[in-house]
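Lifted from TrEMBL, the feature list:
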- Gly63, Ala64, Ser65, Asp69, Val95, Gly175, Asp180: ATP binding site (BINDING)
- 60-202: domain 'tRNA(Ile)-lysidine/2-thiocytidine synthase N-terminal' (DOMAIN)
Amino acid sequence: MEKAAKPRGRLCTLCNEKRAALKRPKTLEQICRECFYAVFEDEIHKVIVDNQLFKPGERIAIGASGGKDSTVLAYVMSELNRRHNYGLDLFLLSVDEGITGYRDDSLETVKRNELQKAYGLPLKVVSYSELYGWTMDEIVKLIGLKNNCTFCGVFRRQALDRGSALLKVDKLVTGHNADDIAETVLLNILRGDIARLSRCTSIITGEDGPIPRCKPFKYTYEKEIVIYPF
């Protein structure tokens, strides 16, 4: 009886059965596609459980911009909630800043996303024009390009808080990953901002405010978030 032919090339260092498809950026292990999906999701589940990010029955808003981080976050949160019985009610929350050719396109991506159909995630969109009476394009026309990112950042954070309040959620989760946090640490060091430096690495922020924010991707590399959907 002939033996089954082994796959050509280097075998996955985890299952030792399938051919390795990638070198994992986080550990440099040569692993197959299936093992990558498994360890990626299991590590995020461990972060959620170890840090007690959620409680059964909580309403959770997922910040959905239409980019890679928020899209992968929404998918993984939905999958882990189903697989591990977190007992969470999940919602997608998007902010329309009113930036022509940028946010309008990404919002269409969110609206087309199969997560709404496959997992039944309701989508709430809040806009600068509704909340503040101004779009970001109109603000830029008034103040110019200088410091417009500062305005947008402040308005966006407030918009997420107000959108979360409208959804009556208990927590807001964002797609901030390990690379984002490392960048924030370096910026705060260069600025000498000790107050922000002491809290920028926290996995939960805003606990003293109305709606805490959680970062399930705190230990997840950006490269792996890019690899995951492909």
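Using the three backbone atoms N, Cα and C, a Cβ is placed for every residue, glycine included.
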DSSP helix/strand/coil residue counts for the domain 'tRNA(Ile)-lysidine/2-thiocytidine synthase N-terminal' (60-202): 84 helix, 20 strand, 39 coil
Those binding-site residues listed as Gly63, Gly175, and which of them has the most Cβ atoms within 10 Å of its own Cβ: Gly175
Most crowded position, judged by CB atoms within 10 A, among Asp69, Asp180 as binding-site residues: Asp69
Among Ala64, Val95, the one of these binding-site residues whose Cβ has the fewest neighbouring Cβ atoms within 10 Å: Val95
Cβ neighbour count (within 10 Å, all chains shown) around Ser65 (ATP binding site): 19
